[in-house]
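According to TrEMBL, the features are:
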TRANSMEM  12-30  transmembrane segment
TRANSMEM  82-102  transmembrane segment
TRANSMEM  114-142  transmembrane segment
TRANSMEM  162-181  transmembrane segment
Amino acid sequence: MGKIAKEVSGQIISFVGLCLASVTCGVPMWRVTTYIGANIVTGQVIWDGLWMRCVMQATGQMQCTMANNVMSMSQDLQASRALVIICLIVGLIGFLVTFIGAKCTSCLKTEWGSANAVICGGVLIILAAILVLIPVCWSAAITISDYGSSSLTETQKRELGASIYIGWAAAAVLLIGGIILTTSCPPRQKFYPNYPVGPMYPYAPARYTGPVYAPPSSQPYTSSGSYVPNKPYAAPATYSPRQYI
């Protein structure tokens, strides 16, 4: 798999994980309590979430109330609210960092810096997966322990809601996306290969011993005598015409 394909696939998987984490944060189905009265008309289903609590009657009517008072919530839901929000913030920052350092963009000039940015973004996404996994597992453990407790009646026992399963899926998807992004290692060699350097010789300019060129003088040239060749040349003999056939 090429580096660009690996980065794009990691970003897509991480984005899907962030969407699942946001659904886990918003859907009020962390705990489900079923109450059945003397007849089916008095039955109702209670959904507990991080932000609201919904009661659905057997007639199909649903009523939701916002959980404005944090202290009225259980300790695990209070911690879950804070941890899921931190998870979304850290995951979004990591996703933006990977987008800045992606090879398909030109935000960073050097390949080394782009690879390091993608790795840092992948580490933040893995941290977001851990942050969403902790509250989901904590809430699931408390729900399962309350369900098996003998001190609670059947109407007070709660079951795992859909948000718990979505949170587990979000943690798994974010973990996979972060691992894919962190494997985009920076290049081990520099952009230009290190060629072997030859022996260094001291440079010394060569001394020129030939004639030195002098620029022409601006004064008019006057001859100092007549030029006579050292060896006189004889005049050429007369040529006799040849007969050509």
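Every residue gets a Cβ built from N, Cα and C, even glycine.
Across the candidate stretches 82-102, 114-142, 162-181, the maximum count of CB pairs under 8 A to the transmembrane segment (12-30) is reached by 162-181.
Within its own chain, the transmembrane segment (162-181) is flanked in space by residues 6-7, 9-18, 20-21, 23-24, 27-30, 49, 91, 94, 98, 118-119, 121-126, 128-130, 132-133, 135-136, 139-140, 143, which lie at least six positions past its ends and keep a Cβ under 8 Å from the stretch.
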